[in-house]
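Q: Handing you this structure, nothing more for now.
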Amino acid sequence: KYDERTESVHEVNETDYEQCNTVGKEHVLFNDGNTKVMLTKSGFRHFISGNQSHCQMGLKLMVVVMSNNTKKKLIHSPSPSSPSPSPSPSPSPSPSPSPSLSSPSPSPLPNNQGVTRSSGAEFIGVMMWLGVMMLLL
């Protein structure tokens, strides 16, 4: 929570984030004192304090939201063939094969081009960020 009379949160573009520009036509302004942001799509999100001096002291946050779309991009390897039936026991004892110490290697992870974000997660970090800022005041 933060004091909405003295503070606000701005969602900004990367340039305004880097320059702590608190005035911009494209800014999304939050000033309810208890900001929660839904992360509904992947990509970069930039948040700064609406108080420029606070932003310049480091009160800003960049979030990278990763997508959970690995099911679509998994590389399907052929299913393993059925194990061959074990031979019938022979009358003479034979040494049993030693167990394999190596396990099958896992399928490779998909090669994601670019950075993505988790969808549907509630963004509470802004609240914590502003709480820290209030402690600094």
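Note that Cβ sites are derived from N, Cα and C of the backbone, with glycine treated the same way.
Pulled these from Swiss-Prot:
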COMPBIAS  80-98  compositional bias 'Pro residues'
DISULFID  C20-C55  disulfide bond
DOMAIN    1-67  domain 'Phytocyanin'
CARBOHYD  N13  N-linked glycosylation site
CARBOHYD  N51  N-linked glycosylation site
CARBOHYD  N68  N-linked glycosylation site
REGION    70-115  region 'Disordered'
Q: Identify, in sequence order, the residues in the chain of C55 (disulfide bond) that are 6 or more apart from it along the sequence and have a CB within less than 8 Å of its CB; answer 'none' if there are none.
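A: C55 (disulfide bond) has long-range Cβ partners C20, T22, I48, S49.
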Q: Of all the glycosylation sites given, N13, N51, which has the fewest Cβ neighbours within 10 Å once its own Cβ is left out?
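A: Fewest other Cβ atoms within 10 Å, among the glycosylation sites N13, N51, is found for N13.
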Q: Tally every other Cβ atom lying within 10 Å of the Cβ atom of N68 (N-linked glycosylation site).
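A: There are 13 of them.
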Q: Averaged across the domain 'Phytocyanin' (1-67), what pLDDT does the model get? Just tell me the whole number, please.
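A: Looking only at the domain 'Phytocyanin' (1-67), pLDDT averages out to 95.
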Q: Please classify the secondary structure at C55 (disulfide bond) using three-state DSSP.
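A: The residue in question, C55 (disulfide bond), is helix (DSSP, three-state).
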Q: Cα of N51 (N-linked glycosylation site) to Cα of N13 (N-linked glycosylation site): how many Å, rounded?
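A: Given the Cα positions, N51 (N-linked glycosylation site) is 17 Å from N13 (N-linked glycosylation site).
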Q: Between N68 (N-linked glycosylation site) and N13 (N-linked glycosylation site), how many Å separate their Cα atoms?
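A: About 24 Å separates the two Cα atoms.
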